Structures are given as structure tokens and as C-alpha cells.
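So that you can see what the record holds, here are the features copied from Swiss-Prot:
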type: BINDING; residues: His59; note: O2 binding site
type: BINDING; residues: His88; note: heme b binding site
type: DOMAIN; residues: 2-142; note: domain 'Globin'
type: MOD_RES; residues: Ser4; note: phosphoserine
type: MOD_RES; residues: Lys8; note: N6-succinyllysine
type: MOD_RES; residues: Lys12; note: N6-succinyllysine
type: MOD_RES; residues: Lys17; note: N6-succinyllysine
type: MOD_RES; residues: Lys17; note: N6-acetyllysine
type: MOD_RES; residues: Tyr25; note: phosphotyrosine
type: MOD_RES; residues: Ser36; note: phosphoserine
type: MOD_RES; residues: Lys41; note: N6-succinyllysine
type: MOD_RES; residues: Ser50; note: phosphoserine
type: MOD_RES; residues: Ser103; note: phosphoserine
type: MOD_RES; residues: Thr109; note: phosphothreonine
type: MOD_RES; residues: Ser125; note: phosphoserine
type: MOD_RES; residues: Ser132; note: phosphoserine
type: MOD_RES; residues: Thr135; note: phosphothreonine
type: MOD_RES; residues: Thr138; note: phosphothreonine
type: MOD_RES; residues: Ser139; note: phosphoserine
Amino acid sequence: MVLSPADKSNVKAAWGKVGGHAGEYGAEALERMFLSFPTTKTYFPHFDLSHGSAQVKGHGKKVADALTLAVGHVDDMPHALSALSDLHAHKLRVDPVNFKLLSHCLLVTLAAHLPAEFTPAVHASLDKFLASVSTVLTSKYR
């Protein structure tokens with residue numbers, strides 16, 4: 001999916017508003033995913049998946065850091081996320097549909113925390129961005 005200059009601007013501005021809350025929002029999105037789509041828990045059998053767990057917070061920070069990297073390299077996400085794509089495809093073997101589920105939960109989390117900034121245009125841009133990230137992360141599956 002091609003991001004327009006307006007999409008890139010919207011994504012960078014929205015992610016800039018996330019600021020120091022990125023890890024917190026990442027963890028919240030994971031919790032939403034585990035509650036809404038319980039089958040996603042199977043990839044985390046060794047985690048304490050309870051609300052506020054240190055492991056979920058830690059993984060939420062990893063998710064947020066990866067998204068921050070993607071935002072910073074929006075014009076070259078395949079290169080920037082190559083190692084992460086390898087990890088998920090070859091070692092973790094995550095079902096690609098789970099990226100879409102997490103993307104949805106991230107959108108809900110961002111909308112809940114940034115209602116003024118979450119305009120229809122920003123929503124559409126973030127959705128396209130997360131779909132692009134998902135495409136990059138699943139590219140090594142083929």
C-alpha cells in the first residue's frame with residue numbers, strides 16, 4: 001500500500017503526539033488483542049498475560065519501538081524492519097492475520113487516547129501505515 005505525502009505527514013504527526021506513552025499504548029493494544037482475540041495468546045505461552053503484567057508491558061514497548069522505527073523510516077520500511085520480519089517469519093512463525101488484529105487494536109487504543117487528533121483523515125492514514133507495516137512484516141513468509 002502506497003502512503004501519500006499527506007498520509008506520511010498524518011502518521012508522523014499522530015505518532016509524535018503519542019510521545020512518551022508509546023510503550024504504554026503498545027501494551028494496552030496487546031491487552032486489547034488478547035481479550036478480543038483469545039487465540040492470539042497461543043504465541044505467548046510463557047507470558048503472564050494478566051492486566052499490567054511486566055511481560056506484556058515489555059512486549060508492548062517492543063511493538064511501540066518497532067512502530068517508531070517504521071515511522072522514522074516510512075520511505076524504506078522493508079529495509080528498516082527486515083530483521084523483525086525475519087524473526088516473525090522464521091523463528092516465531094506468527095500467523096500473518098495476527099498483525100491485522102494487532103493493528104486494529106492499536107487503532108482503537110490510539111483513538112481512545114487521542115480523540116482530538118484522531119480525525120477521519122488521520123484514522124485512514126494510520127490504517128494504511130499499519131497495513132504497510134503488516135505487509136512488510138509478512139513479506140518473508142512468501
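Numbering starts at 1 and runs along the chain as displayed.
Placement of Cβ uses the backbone N, Cα and C atoms for every residue, glycine included.
Across all of the domain 'Globin' (2-142), the predicted model scores a mean pLDDT of 93.
Taking the Cα atom of each, Ser36 (phosphoserine) and Lys8 (N6-succinyllysine) are about 29 angstrom apart. A Cα-Cα distance of 21 Å separates Ser50 (phosphoserine) from Ser103 (phosphoserine). Among the listed modified residues, namely Ser36, Ser103, Thr109, Thr138, Ser139, the Cβ with the most fellow Cβ atoms inside 10 Å is that of Thr109. Note: the Cα of Ser4 (phosphoserine) and the Cα of Tyr25 (phosphotyrosine) are spaced 25 Å from each other. The most densely surrounded of the recorded positions Lys8, Lys41, His88, judged by C-beta neighbours within 10 angstroms, is His88. DSSP gives Thr138 (phosphothreonine) a helix state. Taking the Cα atom of each, Lys41 (N6-succinyllysine) and Ser103 (phosphoserine) are about 16 angstrom apart.
Within 10 Å of the C-beta of Ser50 (phosphoserine) there are 10 other C-beta atoms, taking all protein chains into account.
Taking His88 (heme b binding site) as the reference point, the modified residues whose C-alpha atoms are within 10 Å of its C-alpha, out of Lys12, Thr109, Ser125, Ser132, Thr135, Thr138, are Thr138.
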